[in-house]
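Scroll down for the structure; my scribbles are underneath it.
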Amino acid sequence: MHSPKQKIVVFSGAGVSAESGIQTFRDADGLWHNHNVQDICSIEGWYRNPELVLDFYNQRRKDIEQAKPNAAHYAIAELEQQYDVTVITQNIDDLHERAGSSRVWHVHGEATKARSSLDEMDIIDIGYKPIQLGDFCSLGSQLRPHIVWFGESVFFIPQACEQFNQADKILVVGTSLQVFPVAGLVNEASDKAEKVIVSLELEQVPNGYQFIQQPAASAVPKVVQQWLSKPNS
């Protein structure tokens, strides 16, 4: 009998997408630098000027369509050859999926989906198409981006806590662990788990984690190859 596959949780942030050319929100020259966050990432901004919000996310969708997964995305997908892998990502792009990862949880939503402005469970896939004023869901309300805005509830937190707690190995990549509540997930890991963080910026390394201060596209494939060579260690 084969022993069950070990569980890996990959927790990814904006740094992974940045290496594919997707502009991040919080860098010095990032998206917040050119936009008022309350105008484009809050329910109040949506009510005040929905066209501005739609234009902003329509452009993000174009950027995502033009981007390509990088070596880190592909390496993470390779882990499924030997492990039971869950990718928990703060990113709204689909680069993990395009690289081949089959179980991806987007805690901040997905740019390639839209939802009813009145019912967050009424979600549709739109790919890279724009959302316009006058685009309605099946029940007649305006479609909005399927994105978690400030003040809204993050997705998958209870399930993500459970995954972290059960994981044999944890790879945190491309995040500075500054955005809560999701940053607190790293503290849900078991003491027995092997835990690695790959990040260019980290103010404080969580207890029990090995910190690799390198770009994701160069460091992640090395970690992955090490884990694939010893799948049950």
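Just so you know, glycine gets a Cβ as well, placed from its N, Cα and C.
According to TrEMBL, the domain 'Deacetylase sirtuin-type' annotation covers 1-230.
What TrEMBL lists as NAD(+) binding site is 13-32, 90-93, 174-176, A216. Under DSSP, Q90 (NAD(+) binding site) is assigned to coil, being neither helix nor strand in the three-state scheme.
The Cβ neighbour count for Y57 (substrate binding site), using a 10 Å radius and every protein chain shown, is 20. For Y57, R60, the entry in TrEMBL reads substrate binding site.
Among the features that TrEMBL reports, active site, proton acceptor is placed at H108. Taken residue by residue with DSSP, H108 (active site, proton acceptor) is part of neither helix nor strand, so it is coil.
Long-range Cβ neighbours of R60 (substrate binding site) (same chain, at least 6 residues apart, Cβ-Cβ under 8 Å): I92, A111. Burial estimate for the binding-site residues (G21, G174): highest at G174, by number of other CB atoms within 10 Å.
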